[in-house]
Structure formats: C-alpha cells, structure tokens
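As recorded in TrEMBL:
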DOMAIN    8-232  domain 'Glutamine amidotransferase type-2'
ACT_SITE  CYS8  active site, nucleophile
DOMAIN    299-438  domain 'SIS'
DOMAIN    471-616  domain 'SIS'
ACT_SITE  LYS621  active site, for Fru-6P isomerization activity
Amino acid sequence: MVTLVAVCGIVGYVGHRQALDVVLNGLRRLEYRGYDSAGVAVLTDAGLTVERKAGRLANLEARLAEVGVDSFAGTAGMGHTRWATHGAPIDRNSHPHRDATGRVAVVHNGIIENFAALRAELEAAGVELASDTDSETAAHLIAREYGAAKERGGGLAEAVRTVCRRLEGAFTLVVSHADEPDLIVAARRSSPLVVGLGDGETFVASDVAAFIEHTREAVELGQDQLVEITRDGYRVTDFHGEDAPVKPFTVDWDLSAAEKGGHEYFMLKEIEEQPEALANTLRGHFVDGRVVLDEQRLSDQDLRDVDKVFVVACGSAYHSGLVAKYAIEHWTRLPVEVELASEFRYRDPVLDRDTLVVAVSQSGETADTLEAVRHAREQKARVLAVCNTNGAQIPRESDAVLYTHAGPEIGVASTKAFLAQIAANYLVGLALAQARGTKYADEVAREFRELEAMPKAVSRVLETVERVRALGRELADSKAVLFLGRHVGYPVALEGALKLKELAYMHAEGFAAGELKHGPIALIEEGLPVVVVMPSPKGRAVLHAKLVSNISEIQARGARTVVIAEEGDETVRPFADELIEVPAVPTLLQPLVSTVPLQVLAAEIARARGYDVDKPRNLAKSVTVE
Ligand code: F6R
C-alpha cells in the first residue's frame with residue numbers, strides 16, 4: 001500500500017462570487033506550497049462538482065477549459081494544490097476526495113498517521129476506496145458520521161469533529177457536504193489554517209495570500225480547532241464543540257506584495273525587495289536606546305542567565321544561523337552552536353534552562369525545526385523564534401519571537417527572507433549583549449546604526465543585477481560550480497551553492513577556502529567556474545591575503561574565477577576572471593551584500609537552462625514533513 005501525504009495549499013470559500021474563480025485565484029497564490037497536482041470542488045444545484053488533475057495548476061485549468069465551467073456554477077467551494085511526499089502524483093490521488101455517494105468532499109494537508117487502521121476498518125465495512133491516499137479515509141468517515149450527527153440534531157461540523165477526534169497525526173481538512181451547500185467546515189491540527197473575513201464572504205486557507213486580494217482581516221486558527229464558515233461569518237470551536245478563543249489580525253501587506261509586479265519571476269522581484277525587507281525587519285527594534293524583540297516572554301534576567309546558544313534551522317535559514325554565530329559569539333562571548341534542525345534532536349544535545357535555542361524559519365512551519373523546538377522545550381531550554389510568518393506554529397510554541405518583516409516570499413528559493421533572517425539574528429545577538437552587559441549601550445547603538453545602513457548598501461548591489469545576469473547566461477552550460485569563502489564568507493559560499501543546486505539542478509559545492517587544499521582542490525579542472533567571496537582587504541587583511549593565495553592556486557589550475565569583492569579591492573583584480581564589486585560594509589554585515597549576486601547568478605543560470613525559477617522541481621516552499 002502506498003501512502004500519499006501532502007504538504008499542500010488548501011482554500012475554501014463561501015460568499016457571493018463564483019466560488020470556482022475565487023478558489024482558482026487562491027490556488028494560484030498557494031501553488032508555491034506544492035505543485036504535484038491540483039483540484040477543486042464547488043457546491044452546485046446538482047450537488048458537488050469536482051475536477052482534479054495531476055501536475056501543475058495549469059493542467060487543471062486546461063482540463064476545466066476542456067470540460068467547460070458551466071457545471072461549476074456555485075458560491076461555495078474548495079481547492080487544493082499538493083506536494084506529494086510518497087507515491088505517484090496521479091489524477092486519482094489528487095484532492096478533493098469524495099465518499100462513495102459523492103456528497104462529501106475533503107481536501108487535506110498533512111499526514112493521517114493511523115490511516116492504515118482506518119482504511120482497514122472502512123474496507124471491512126464494505127467501503128471501496130478509490131485512491132491510495134490517507135486523505136480519502138477522512139471523506140468516508142465523515143460521510144458515515146454525518147447520518148449519526150444529523151440524528152442527534154447536528155450536522156457537518158459535528159461529523160467532522162467526531163472524525164477529527166479519531167485522526168492521529170498532523171492534518172488540516174476542508175470539508176463540504178452537498179446537503180449543506182452554504183457551509184464549509186475546516187479543521188486544524190498542526191498544519192496552518194487562517195480564516196479571511198470579507199464583506200458577505202468568508203475564506204479559509206493555509207496562507208492569507210490565498211485571499212489577500214479580497215480582505216486583509218483574518219483570524220488564525222489554533223491547534224485542534226474547527227471553523228464553520230458561511231457567507232455571514234464564522235464560528236470556531238474545539239474538537240468537542242466548545243467555543244474556542246480566536247486571534248484576529250490584520251495582514252500588513254497587500255496584493256501587490258504577492259504579485260510579480262512586472263518582473264519575469266517572483267524570485268527576481270523578491271531579490272529586488274531585499275532593501276525593503278531589511279528596513280522593515282529592523283524597524284521598531286531600537287527604542288529609547290535599546291534593542292527590543294517582538295513577543296518577549298523572556299526577561300532580561302532570563303537572557304542574562306543564558307550560558308549557551310543553539311541556532312537550529314534548515315537550508316538557507318541554517319546558513320543564516322552560521323552567519324549569526326560569528327556575530328553572537330563576538331558580541332556576547334557565549335558559545336554558539338549552529339545545528340541542522342533535522343539532526344538536532346536525534347543526537348541528545350546538552351540542553352537545560354540556561355540554554356537559548358534560536359529557531360530560525362521563514363515559514364514557521366518547517367517540521368524539522370518545529371520538532372527541534374519541541375525537543376528543546378521538553379528539555380527546559382528557552383526558545384526564541386525568528387520567523388517571517390505571523391502566528392505560525394514555531395513562534396506559537398516559542399518563549400519569545402522576533403518577526404522578520406520580509407513580506408510574502410513566493411519564490412520557492414529563499415532570498416529576501418534569508419537576508420532578513422541574518423538581520424534578525426543580529427538583533428538577537430545585540431539583545432543578548434545588551435542584557436548581559438557584554439556591549440555598552442553606545443556600542444549596541446552603533447551596531448544597530450550600521451545595520452540600518454544596510455538597505456542602502458544592498459540597493460547599490462542591485463545595480464549590478466544585469467551584469468550578473470549576463471554572466472549567468474555565460475555560465476549556464478557549466479557542468480559544476482564551486483563556491484569558496486572564509487569567515488562569514490563561508491556560509492555565503494554554502495548559500496550560493498544551495499541556490500544553484502536547487503534552481504539550476506547543477507552540481508554546486510560550497511567550501512571554506514582553507515579546506516580546499518585538503519581534498520576539494522582535486523575537483524579543479526580547466527574552465528571550471530569557481531566563485532570566491534572575498535573579505536574586505538581593510539577589515540580582514542590577513543584573511544584577504546590568504547584568500548588571494550587560494551584564488552591564485554585555483555587559477556593556476558585552470559579554474560575560471562568569479563570574484564565577489566569590495567569596491568576598490570585592487571589586489572584581487574589580477575586573479576579575477578570576472579569581478580563583481582559590492583560596497584564596503586563592516587565585516588559581519590558583508591553577507592548581506594555578497595549573497596545578493598549569488599542569488600541573481602543562480603536564478604539566471606536556471607532561467608537560461610529553461611527551468612522554472614520560482615518552482616524548482618521536487619521542492620515546496622514549506623516542508624511540513626520530517
Ligand atoms: C532554500 C530554501 C530552503 C529553506 C528551508 C527552511 O532556498 O528556501 O532551504 O530555507 O526549507 O525553510 P523555513 O525557513 O521556512 O523553515
């Protein structure tokens with residue numbers, strides 16, 4: 001038996017517009033969450049009309065154009081875009097799933113862990129399942145409970161609650177029943193769910209991006225909560241039917257932030273938004289001469305008691321942690337370990353109440369990072385989340401939060417969120433230094449002012465975009481690219497290599513330049529592009545000299561050197577086959593400028609190779625499975 005589970009984007013709507021249009025638009029904005037298949041269901045006069053198709057949303061749209069949309073007339077409906085983790089993403093495994101009578105439709109995000117037992121139970125009762133998914137079991141179970149709920153004077157919401165109490169694992173469900181055509185029910189355990197409150201219309205979705213063009217007023221659903229939406233409003237209960245407290249919020253960005261705004265792809269737009277992302281992340285965090293965090297449930301005394309820091313994160317967020325280590329150790333004299341969240345809890349890390357775990361996550365829902373947070377809290381460590389998504393699960397489960405205000409990041413490869421994470425991690429370092437007294441107030445103020453100057457410096461780097469894009473086109477046929485750096489340039493090299501791997505499907509490796517001679521130099525051959533991230537010749541003269549020697553060694557062996565160096569760095573010029581200059585900034589802040597050309601390079605190489613820059617194969621924006 002193949003288990004198919006989904007990370008996915010889900011959307012539901014009840015209102016006065018044609019549900020199909022609203023749902024398809026919502027799916028377009030959620031497609032970054034997964035693009036293995038898509039499907040819609042609309043409550044019509046004839047019951048439930050469903051269409052679903054493997055592949056991207058465009059396939060579903062083509063199918064709808066083929067069958068015609070007349071049979072989809074209706075003002076309530078739901079949709080799904082899926083990222084499969086196991087098994088084939090084929091039509092019959094696509095959502096929505098229905099029960100045998102076709103009167104119940106369900107879309108699902110997550111994993112129903114006890115689905116084998118539920119499936120066996122259904123099969124023993126004579127139910128034939130039409131797909132290999134765990135999700136379909138929910139449709140049959142809800143259909144079965146619906147009759148009983150009706151007899152008790154309840155309805156769909158009660159049936160869904162009964163089933164949710166039986167489901168194990170992480171799941172978010174959106175459910176409709178043909179007998180209750182003006183109602184959509186949604187339930188949440190773990191995977192995110194927000195309700196959008198419009199005028200005579202209500203939405204549910206995994207992300208506000210799905211309904212931002214209609215309303216910015218939203219309500220976040222908590223764990224084990226269920227919401228009933230109608231065109232007139234919503235009601236939230238727990239899985240036992242008790243009214244539950246809700247947390248309304250207003251989204252602080254608008255539709256234009258979630259649209260390409262004339263750019264060829266989202267990633268390029270997001271690269272260009274980096275100055276703003278940095279400025280927004282810093283804004284409001286230096287008040288009356290002190291660095292302040294957002295949701296501070298840790299006292300200054302708690303911060304003073306910290307004797308060790310862990311940064312846990314995945315992918316690019318992990319690289320932001322590697323950068324932060326240099327600053328936090330330097331400013332606080334505390335030992336900082338940076339660890340991949342997926343490794344952290346499996347190796348019994350030494351944690352106690354004086355350990356501060358900084359969990360960095362753009363989405364706030366990455367399963368590995370969330371589990372690391374839970375593990376840390378079980379061991380009594382304090383957890384501070386650095387997150388780009390308001391109210392996501394990781395900040396909800398943390399002791400303190402610092403939000404990066406990068407705005408929605410639609411391109412699957414992280415860019416502006418990464419830069420914002422670096423800035424936010426630095427604020428954490430400064431908050432620690434300030435509480436512990438390892439930096440005087442005027443030093444903290446100076447560091448903050450230097451950070452505040454960074455949006456301008458990044459804007460200057462963006463002036464090189466077209467040149468870097470041209471270089472990307474030249475390098476598009478390369479077999480592999482290596483990236484070298486030292487000190488804070490090393491995580492930048494790792495980030496450059498990750499961008500190239502995920503976008504251009506090209507072999508790319510980042511190395512600490514000093515390690516080259518211990519093995520990787522054997523990879524150098526005639527014409528191999530090697531990108532070198534140079535430190536400042538003034539700020540880090542010794543390291544600079546060492547890197548110049550490293551470059552000359554690889555150039556002597558035939559490499560084509562692409563050098564990212566500070567403006568006016570004349571020493572490196574003779575060793576650079578291609579030179580990309582970035583403004584001079586303090587050493588610790590260099591990653592904020594030197595990463596930018598590497599993002600552009602990877603995106604352009606991918607584009608030149610004919611790949612979808614915003615939706616690289618096999619990936620999804622939020623990885624909510626371990
Ligand atoms: C790479 C990328 C990923 C994410 C990683 C963590 O471009 O985007 O490596 O950085 O999956 O995601 P978050 O930050 O949402 O926890």
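In case you wondered, yes, glycine gets a Cβ from its N, Cα and C as well.
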Residue pair CYS8 (active site, nucleophile), the residue listed as 'active site, for Fru-6P isomerization activity' - Cα distance, angstrom, rounded: 9
Per-region confidence, the domain 'SIS' (299-438) (mean pLDDT, whole number): 95
Helix-strand-coil residue split for the domain 'SIS' (471-616), DSSP-based: 72 helix, 29 strand, 45 coil
Per-state residue totals over the domain 'SIS' (299-438) - DSSP helix, strand, coil: 65 helix, 28 strand, 47 coil
Secondary structure at CYS8 (active site, nucleophile), reduced by DSSP to three states: coil
